[in-house]
């Protein structure tokens with residue numbers, strides 16, 4: 001059966017476990033297995049995705065409590081997409097599903113989120129007068145900045161990758177051209 005049986009402890013502790021705590025070496029089953037690794041969450045991409053999802057959730061809650069509730073769909077959608085990309089990157093689904101262009105999808109997600117957050121934040125701050133709308137607008141501006149940083153970093157990574165690919169293509173094309181040239185320099 002799954003999961004496989006663990007090896008029994010050679011010297012089990014006869015003392016009962018403290019209330020609510022598991023022994024130090026015990027594995028934590030259940031939902032803990034779905035959490036991203038700490039190393040990924042401490043990386044720059046992990047921190048950006050955490051900030052994006054956190055700011056999107058806070059903005060969503062502010063829009064729910066405000067009179068500008070017409071704007072609550074965008075932060076909810078961006079919150080769910082940020083969580084999806086957080087877990088997809090943490091679980092390395094981009095390596096498992098090769099048919100999808102993950103950097104382009106992430107780039108488009110960040111660009112559209114930054115533009116939408118910028119537009120609805122300006123509207124929420126300018127048009128609505130209640131405090132929750134103003135707070136949603138301010139958090140939306142912060143989310144715009146975080147999404148803009150993320151798409152800038154993605155763009156730089158993709159540009160480096162494309163330049164690296166172009167330079168190798170140019171070198172092989174130059175070598176092939178030199179070999180095939182018929183120069184009469186007599």
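Every residue gets a Cβ built from N, Cα and C, even glycine.
For reference, TrEMBL has these:
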type     : residues : note
COMPBIAS : 1-12     : compositional bias 'Acidic residues'
DOMAIN   : 40-159   : domain 'MARVEL'
REGION   : 1-24     : region 'Disordered'
REGION   : 167-186  : region 'Disordered'
TRANSMEM : 57-87    : transmembrane segment
TRANSMEM : 107-129  : transmembrane segment
TRANSMEM : 135-155  : transmembrane segment
Sequence-remote partners of the transmembrane segment (57-87) [C-beta within less than 8 Å, at least six residues beyond its ends]: 34, 36, 46, 49-50, 93, 106, 109, 113, 116-117, 120, 123-124, 127-128, 130, 132-133, 135-136, 139-140, 143, 147
Take every residue in the domain 'MARVEL' (40-159), average their pLDDT values, and give the whole-number result. 90
Mind checking how the domain 'MARVEL' (40-159) divides into helix, strand and coil residues in DSSP? 105 helix, 0 strand, 15 coil
